[in-house]
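Below you'll find the structure, written out as structure tokens, and then a few comments.
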Amino acid sequence: MQNYEESVSFLRTWGPFQRKIFVVLCLACVPCGYNILSVIFLLASPPHHCDIPANSNLSQEWIHASIPVKVAGQLTRSSCSRYELDLVRNLSTMGASPNWMHNQSTQQGSRPEVLSTLRQEDCKDGWTYSTEYFQSTVVTEFDLVCSEQWKQPLTSLVYFLGGLSGCFVSGQISDWFGRKPVLFGSIAILSVFSSAVAFAPSWPVFTVLFFMLGLGQIACYIVVFVLGSEILVGSSRVLFCSLGQPFVYVFSMMLLPGTAYLVRSWRHLSLTMALPGLACIPLWWLVPESPRWLHSRGHLPEAERLLRSAALENQVEAPTVIFLPPKAERAGSQKAESVSFLGLLKTANIRHVTMKLWLIWFSMSICYFGLSFSMSTLYGNPFLNYFLLTAVELPALFASWLAARSFPRRLSFISFSLLGALALLFIQVTMHSHPDLTMFLVLLGKFGVLAGNGLVYTYTGELFPTVIRNTAMSSCAMFSRVGSSVSPYLLEMAGFNELLPWIIVGVLSLLSIFLCIFLPETFRQPLPDTIEQMPVTQW
């Protein structure tokens, strides 16, 4: 049976054609990286307290005193209640004055006993929000706080469910109709709905549009990955999949906090998020369809035309016949029965590989996004925090690339994931006694999770055959989005035990390690084109 990579070996692994593909696909990845965690800034919840109307005829001293003080490790003003305004007005009319120094034992601004015993009420006149970091957010405009606070994680959930739906649909469309239409369709969705979100008049409308925005986010990343893994071969493929695309993806993520720092209004920020997609329009004439996909679908004339064009760019001579006709016929007969989603469960071998990878992607996604959401709550400037949080990914990507080019996939994934799991589980010992060591363990855990996450993309792409690769990658990404949908609620478990989120993340990393042990090795093996060529799983 004719081997695709042997047939295209005349192109070599690195030349002008490969460099062009490397660059344009990395650029096509920018819109999805720029949008991935936009929820952190669009749904930011600034400090807030009940609003005291200007017509309440209260002095500034009484307005300040109308907000109760809560003690939760430190003195903080209540976010969701105030003293009954009528009672406060009565005290003000009687000529009373708030006494901030009444209780000498707490000398930090506590109310006198007569004030602290007043009945409290909800924020009937709305809220006043801090504008230190944000001029406006979805939370401040639609008042998603206090009794409406449940809408914040639900909005994140809807966004990630959009990504899940996009993965399910885009993978099959890509395997049926090609990689290129799905890539630019996903980019168009990102630009169109980023713009539409900016004009949402209410929270329900915003949520629907945010779901649509999520449809294109991960679908864009997956199809770029598949295109790169199919067009490039050998060391150039490893470089693109393990370092090039992830590096540009993370770099585009790092652009968002800088943009949010300059654009403090969530509506203007949403419009700005549409710009990278618009800038990708010229790439339509630079990104080719995957010759490997065309070959697997039996479109030999188109595949050969693209490869001969690539040969001209690389200044090498293409053979007279690149693909043998019998191979094309077998590929054409194979495509109809293997390209559907159910093809992932058809034989025992592909079923075992698929189900293990679904669980691995689910677990790794909870770990990745759970850590991201947890660390984004650090005190200080949110723009700087998010920038540093994202920058941690760069050394992890570099380590992942070094491992991918030199070491077996299973050994590398297990090593990084084990490092991350042990670091996160040791947090139980250091949480209260050694805060600096705890932060080091958190960053070390994130490093291990991220490096393992980078490897699992390469590993998955090498395990599945061309005829169903995009469907397989999208199905894995779909389970990844199930994990990311759950991750915003991971912080809620800290209410039962503050160590519980870290324990869950560590245990899920261990689960991924266990499942990976039984997957076949793909290091330095040619990509399979048919289901029959897939490596055999060990269990």
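Glycine residues also receive a Cβ, built from the backbone N, Cα and C atoms like all the rest.
Annotation source TrEMBL lists transmembrane segment at 21-44 (among others). Beyond the transmembrane segment (21-44), the same-chain residues lying 6 or more positions past its ends with a Cβ under 8 Å from any Cβ of the stretch are 133-134, 137-139, 144, 152, 155-156, 159, 183, 186-187, 190-191, 194, 197, 213, 216-218, 220-221, 224, 227-228, 231-232, 236, 239-240, 244-245, 247-253, 255-257, 260, 266, 269-270, 273, 276-277, 279-280, 283, 286-288, 372, 376, 382, 386.
Per-residue confidence over the domain 'Major facilitator superfamily (MFS) profile' (21-524) averages 81 (mean pLDDT, predicted model). What TrEMBL records for 21-524 is domain 'Major facilitator superfamily (MFS) profile'.
Summarising the annotation, TrEMBL assigns transmembrane segment to 157-174 (among others). Same-chain residues lying 6+ beyond the ends of the transmembrane segment (157-174) with a Cβ under 8 Å from its Cβ atoms: 39, 181-182, 185-186, 189, 207, 210-219, 222-223, 226, 339-341, 470-475, 477-478, 480-482, 484-485, 488-489.
Positions annotated as transmembrane segment by TrEMBL: 181-200 (among others).
Here the transmembrane segment (206-227) has Cβ contacts under 8 Å with residues 25, 28-29, 31-33, 35-36, 138, 142, 154-155, 158-163, 165-167, 169-171, 174, 179-180, 182-183, 185-190, 193-194, 196-197, 200, 241, 245, 249, 287, 290, 457, 461, 469-470, 473-474, 477, 480-481 of the same chain, all six or more residues outside its ends. Sequence annotations record features per position, and here TrEMBL assigns transmembrane segment to 206-227 (among others).
Tertiary proximity for the transmembrane segment (239-263) is limited to same-chain residues at least six positions away from its ends with a CB under 8 Å from its CB atoms, namely 22, 25-27, 29-34, 36-38, 41, 221, 224-225, 228-229, 232, 269, 272, 276, 382-384, 386-387, 390-391, 393-394, 397-398, 400-401, 404-405, 454-455, 457-458, 461. The transmembrane segment annotation in TrEMBL covers 239-263 (among others).
Marked as transmembrane segment by TrEMBL: 269-287 (among others).
The transmembrane segment annotation in TrEMBL covers 358-380 (among others).
Sequence-distant contacts of the transmembrane segment (386-404), counting only residues of its own chain at least 6 positions beyond either end whose CB sits under 8 Å from a CB of the stretch, comprise 37, 40-41, 238-239, 241-243, 246-247, 250, 253-254, 256-258, 372, 375-376, 412, 415-416, 443, 446-448, 450-452, 454-455, 458. Taken from TrEMBL, the feature transmembrane segment applies to 386-404 (among others).
If you look up TrEMBL, you'll see 411-431 (among others) marked as transmembrane segment.
Summarising the annotation, TrEMBL assigns transmembrane segment to 437-459 (among others).
For the transmembrane segment (502-519), same-chain residues at least 6 beyond its ends with a Cβ under 8 Å from one of its own Cβ atoms are 352-353, 356-357, 359-360, 363-364, 366-367, 370-371, 410, 413-414, 417-418, 420-422, 424-425, 427-428, 445, 448-449, 452, 459, 463, 490, 493, 537-539. The transmembrane segment feature in TrEMBL is assigned to 502-519 (among others).
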Inset, instruction - Determine which residues of the chain contact the transmembrane segment (269-287) at the Cβ level, with the cut-off under 8 Å and only residues 6 or more beyond its ends counted. - result: 20-21, 24-25, 27-28, 30-31, 34-35, 38, 41-42, 180, 183-184, 187-188, 190-192, 194-195, 197-198, 227, 252, 259-260, 263
Inset, instruction - Please give the sequence-distant neighbours of the transmembrane segment (437-459): residues at least 6 beyond its ends with Cβ less than 8 Å from one of its Cβ atoms. - result: 225, 229, 238, 241-242, 246, 357, 360-361, 364, 367-368, 371, 375, 392-393, 395-397, 399-401, 403-404, 409-410, 412-413, 416-421, 423-424, 426-427, 430-431, 505-506, 509, 512, 519, 522
